[in-house]
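S.K.: Straight from TrEMBL, here's the annotation block:
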type: TRANSMEM; residues: A:6-29; note: transmembrane segment
type: TRANSMEM; residues: A:63-82; note: transmembrane segment
type: TRANSMEM; residues: A:94-115; note: transmembrane segment
type: TRANSMEM; residues: A:135-159; note: transmembrane segment
type: TRANSMEM; residues: A:191-215; note: transmembrane segment
type: TRANSMEM; residues: A:235-257; note: transmembrane segment
type: TRANSMEM; residues: A:264-282; note: transmembrane segment
Amino acid sequence: MLSFLQVLSSGIAIGCVYGLVALSFVLVFKATETVSFMQGDLLMLGGFAGLALHLAAGWPLALAAVGAVLAVALLGAGLERVALRRAIGQPHLVAVLLTFGLGMMMRGGVASVPAAAQDMYRLPFAADTLGIGPLVLAASHVWVVLATVVLVLLLALFFRHTRAGLALRACSEDARVAALMGVPVARMHTLAWALGAGLAAVAGLLLAPITFVHLNMGLIALKAFPAAVLGGLTSLPGALAGGLFLGVVEALAGLVLPEGAKDVVPYVLLMAALLLFPQGLAAGRAGGGGR
Amino acid sequence: MSATPVAAPEGLRVLRAAFVWGLLLALAVGWLGADFAFSQATLVATYAIAGLGVVIIVGQAGQIVLGQGALVALGAYAQTLLVQAGVAPLLALPLAATVGALGGVLASLPAGRLGGLYFGMSTLAFALIVEEALVRWESLTHGAAGLMVPGFGLAGWQADTPLAQAAVSIVVLLIALALAARLLRSRLGRAWRAVREDEAAADACGIAPGAAKLRAFIVGGSLSALGGSLYAHWIGFISPEQFGLVFSFELLMLAFIGGARRLSGAVWGALVVVAIPQAIAVLRDTLPGDWARSAGLELVLFGAIIVAVVLLRPQGLASGPRSG
């Protein structure tokens, strides 16, 4: 029972990371119809930016984390301005290739820093454990869950109660009508990319104490795709729920299934879900526009 | 409108293409030396066969496929295991293509009811499952350690010179091109284009979109697997990581650069995709300093090329001959 609870808690923590990355993917996809294949690279960049600001530049950890998230968000906004907006209105594959290429450049950029390419790093926080009665939880897992809850609350407030958040939502529902109502659609796209990139960077920082910071940590974002699809591709709460669900199922599968099988579980689930419930998933998509 | 353009008579176009490619090959032989030119021609032809599968699925049937590398991998592994078990390589080729076709069926299972991005995601999931299976099924595939591939031979004759390998690849490519061109002119080819332009309208005209997509994946899967099985012979060693996500995107880029609307796009795209690593290697040698020696630079340059191609020619996939 105790080991079950421990596995469950680590599943929830990893699920939160999947959920955050899926959230960033869906946020960008909803607002700009751009399929981003570089969320994993933005995540990795967030981890390394935090590392560089803290270890190399000597900033305090909290400040370094905020700085890293802002820097990556700025990068997202800048890339939207320079390149990504050219993919709007094109077939999905254009954006897929474009973001994949940009992600490759980020990975290559980090890899050409010798110190970054060779080692795995640990951000010095949340390295200890918490004991609740007989249950021992990794502090990093608790951190992830708490941070996710706070972030989601902030995002909900942003989307419901601020002018920019409402405008972004209007833009996602129907860009043309939003433009007619005076929403600056192009600026909203930039904002969406900034938010999406920033969220990915947060996920990277939260992942840092769990998997360390290394060049391939972005691979985790591949599991955010099933999470986003399970959540319906256009639903922010759905993406988060999909991530949590996958994290928990994957962790539990690790208990039951043979070694290695747990890594395919999200993809098998995705194929099964697409086969069995195409209507349920498609319904969420059809709700978006009246085309 | 956007059907395959029939500007020149068939025979004349084939003659013209043969002339252009013959001239290119002759120039390459003169400039780069026979052995290097033929080994590059082998690679181009092999990539073109694999890319033909993407051109059919993406350019003709209009589907998003993010995991074509897995179908190539299935072909390569099937071919290797069959030849290791004693099957003649020439006989193993169609069997490997069949395995690829079966893989295509599996990857496109959700195609009957889904369109667009969801479907692309399911091909991605399929590819990741295949890759993991190749790594984990060690008794058959030797996992990440990979497999050595016997050479390609036929009744005592071994294709061990660059010239012989190039000849085999080009012959297979020509056969594949001819078959694909025949298919595009058939009822099935018209059905693919109809589904690409408007799935609902195609459905209303009595074309079953699900069946058309499934067949696109059967044809595309077997072509890519065929390319993979030749590739395995020429490289001599296969491992799961060769056919990962980056390879799938290389194939997409191939179709994108060459133009996915025409079959010849696969060959032009293959030429560019094979040339890029060489160009990067040359560029690296000319750049000063240790920085140029780092592995990261290659990634940056490759990514930059993808980005540049997409930005300079965003209509690469979408533009049909209709603008002309």
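Cβ atoms are placed via backbone N, Cα and C, with glycine included.
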S.K.: Excluding the flanking five residues on each side, which residues at least 6 beyond the ends of the transmembrane segment (A:94-115) place their CB within less than 8 Å of a CB in that stretch?
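M.R.: Residues packing against the transmembrane segment (A:94-115) from afar: 33-38, 40-42, 44-45, 48, 79, 83-84, 86-87, 215, 218.
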S.K.: Would you call the transmembrane segment (A:135-159) and the transmembrane segment (A:191-215) in contact, using three or more Cβ pairs under 8 Å, pairs 6 or more apart in sequence?
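M.R.: Yes, the transmembrane segment (A:135-159) and the transmembrane segment (A:191-215) are in contact.
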S.K.: Among A:6-29, A:63-82, A:191-215, which stretch has the most Cβ pairs under 8 Å to the transmembrane segment (A:235-257)?
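M.R.: Looking only at A:6-29, A:63-82, A:191-215, the most contacts with the transmembrane segment (A:235-257) come from A:6-29.
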S.K.: In the same chain, who gets a Cβ under 8 Å from the transmembrane segment (A:63-82) while lying at least 6 residues past its ends?
M.R.: 32, 42, 45-47, 49-50, 53-54, 57, 102, 189-198, 200-202, 205
S.K.: Give the nonlocal contacts of the transmembrane segment (A:6-29) in its own chain as ranges (CB under 8 Å, at least six residues past its ends).
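M.R.: Counting only partners 6 or more residues beyond its ends, the transmembrane segment (A:6-29) has Cβ contacts under 8 Å with 35-36, 39-40, 42-43, 135-138, 140-142, 144-145, 147-148, 151, 155, 192-193, 195-200, 202-203, 206-207, 210, 220-221, 223-225, 227-228, 231, 233-236, 238-252, 254-255.
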